[in-house]
Structure formats: C-alpha cells, structure tokens
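Residues annotated as disulfide bond in TrEMBL: CYS276-CYS308. Per TrEMBL, the feature Ca(2+) binding site maps to THR427.
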Amino acid sequence: LQRRERVRAAMLHAWTSYEKFAWGEDELQPLTKNGVNSFGGLGATIIDAMDTLYIMGLHTQFQKARTFVAGLNFNINYEVNLFETTVRILGGLISTYDLTKDDIFLTKARQLADRLLPAFNTETGIPYGRVNLASGEARNPVGASVLAELGTLQVEFIALSQRTGLQKYRIKVETAMRTIQKIFPKDGLLPVYIDPHTLQRYDKVTFGGTGDSFYEYLLKTWVLGGKTQAVQGYRQMWERSMDGLMTLIKKKAPYYYVFERNSNGDLFPKMEELACFIPAMLVLGSYDASAQKKNQYLWLAQQLTTTCYNFFYSSPIRIAADTYIYNGKEMTIQDPKNIMRPETLESIFYMWRLTNNKAYREWGWNIFLAYEKYSRVENGYVGHVDVITGKKDNKMQSYFLAETLKYLFLLYSSSDNFLFNQWVFNTEAHPIKIIPR
C-alpha cells in the first residue's frame, strides 16, 4: 500500500507539473518550464494519462482532462504519425470509454479515427505512416511503410468497430493484415520496411524499434477478439514469429539477449531496451500454448526479464541505457540515453502476475527509486542524455504517465485488477476490454 501511494504521488507530481507549465500542449519540458507539440498539439499527455488518473482514483484531475477532451477539434492542418496517434490518443480515448462508459470518449475516438482513415488508401491496403488531419493527404517520409507502425493499429481500430458497430475501421486494418499474411515468411520474421505499393521488403529484422510492436499486436489482436476462430490466424502468425525469435536469442554469460538480423541474414549483436517488452508478450502468449511451447516461452521470459533488469542494475545511476552492443567480450552501452521507457517494468509486472515471486516487486521498486532519485526534478520528470554521466534531457514523455507509472501502480495493486482474460493492454498500456469476435 505504501509503495502504491508513492507511485500515486509521483503521478500527481508529473501531472501537476504538466498542468502548470504545458496544459493543452503535447508534452512538458520540465527544465525550461514550457510545453512542446510533438503530436499536433492534441494534448497528448492529457489523453495518454487519463486512464492512469482514473485507475489511481485522481478524480479531480480526471474531470479536468475530460473537459479538455470534450472541447477537442481534430480538424487541424497538421501531419500526424499514424502509429503514435493511434496508440497514444485513439487508444487512450477507447480505454477511457471502456473504464467510464462516458460517450464523449467514444465520440472523440470516432472523430479522430475518421481523420486517420485516408492513410489506408493504398493499392495493397498497407497504410502510409503520416496523414494530415485536415486534408487527408498521406505519405511515407522514407518511401516505405514501417513494420511496427503498419502492424500496431489493429487493436484500436478493431475495438472501435466493436464499440460503434461501424465495420469500416476493422476492415481497413484487417485488409492491411491480410496483405501481410500473403507475404508472411516461414520464420515469421519480417524486415522493418515494406513498400505499400510493390510490397518490396528490405532492411534488418529486429524486435527493437521499427519492428517491436508488430509482433506484440499479432498476439494482442487475437486476445482482444476473445481467442475465437475468427482471430485464430493472428495467433498462428504470432507462434511462427516466436519460432523465429528463438533464432535471434544468444547467451553471453550469464545473460541472454535478443540480437538483430542484418539484411544479409547475419546476426548483429545489438539489443535495445525497447525489446524488453518481449517477456510480457511471452507471458501473455503462454496461457494458451502447448505444454512444450509454454515451457519454452516462460523460460525465455524469465531469462530476458533478468537481462533487462540488469540493464538498470548495472548502470551507474541504476537507470538503463537505450541500446547495448556486444564488443567481443561483453555487452556494453552503445546509446547511453534513457527516455523513461516502460518496457522493462511492463515485463516485471507480467512476471509478477504469473509467478507471485516477490523479487519482481523488489526489482520494480528499485527502478522506481532510481527514477525518483535521478529523473525527478522540481517540475516533473526527465530522461537522460547519458546514464553514464547522469546528464539529463528536457522532456517528460507522455508515456511516462500512460505506461511507466501505470505498470508500477498495478505492480503494487491487487492481482484481480485488469485480469488478462478480461482486458488487453495496448502497446501504450491502455487497458481495452476484451470482446469475443
């Protein structure tokens, strides 16, 4: 209870700092005491944090957020990132609707989704990565669509169709997925760039950035649909991808790592902290696996959670770096920044739920204390440019409130909250009610 209250107090500190210096803007810059708009000025922190406020019982703050959402107008001449807008803002609106049954959130979700739909207007149905909310013009900055972005839309758009009865949202994302199914490789591992016109695939295979949540959503779309026959194809694709994942696992004593695969097929000895979502995914996937695969998934989940916690524990300030690389002797820091990502805490939360092993609660607490000591500033929380020197950055990421603090709060809450057979967390930690397809 004391730990939960400490996390709640951290949320209040983050929220009130944002409220004071950046209200209505996307994210707070705590050191310069101003806001910055990374997502079109839609108040991303407000919408991302709403369900956390509600879950933590911060009702006064939640009501102020609701008033802001009620006045939102999405008709703005701004080119948004389809993926980020879907998981943070659309996902946040749907989740808050599921928690409160307040129709304003579903109405706003529909208004936003309608402005995102033009991104899917390609010959193959694979969406562009950017879309202008006012004009509907869509494009890809680099020519191709990004795997993690085109494959991390299904949970939100299908959930919206289920709640509104309008099938256009589901049809768009499932058309894209049917196209992917046709080109899905035997090992289930896709390169991170796919041309939406020619379906040419190129570049590396990774469970880090640009690849990660594609695999997560294969599983979670199946979970969202109630694991029925209608969504069985997603599970089958996911299991193939997990067979592929096993070929990327390497042991560098005493830890196991997830490496990347170059376009020439060789393994590249790099692992991002982003890939620390994998244990949580494996725990969720283990519930309906065969006995052999269940043991395999849970063994790997345990090993990788230990690896990811060590990223934090071995750091000079007990906060993980962003990227690690093997130098021939050991894994060393490649990119020393930390932007308060939630993935390791997410996996610690899932491992706690699975095992009730108190060690996971201790690990989570140690990470929280490190953030309190090194990331908490007078007006919010900041990441680090360098975890070796301790040099801070000037950004409080919206997902710090949406994910990092939520997973910590749930780690010290009753295990009856958000049962995995009733709710599925989107990749931004927004809990969405499971509705069988």
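Using the three backbone atoms N, Cα and C, a Cβ is placed for every residue, glycine included.
Predicted automatically and left uncurated, TrEMBL annotations should be read as such.
Small disclaimer: the values here were computed from a predicted structure and weren't measured.
Taking a C-beta cut-off of under 8 Å and a sequence gap of six or more, the residue listed as 'Ca(2+) binding site' has these contacts in its own chain: VAL87, GLY91, THR152, VAL155, SER213, GLU216, TYR217, LYS220, PHE277. Non-local contacts of CYS308 (disulfide bond) by the CB criterion (under 8 A, 6+ apart in sequence, same chain) comprise GLU273, CYS276, PRO279, ALA320, GLU343, THR344, SER347. Cβ neighbour count for CYS276 (disulfide bond) (all protein chains, 10 Å cutoff from its Cβ): 29.
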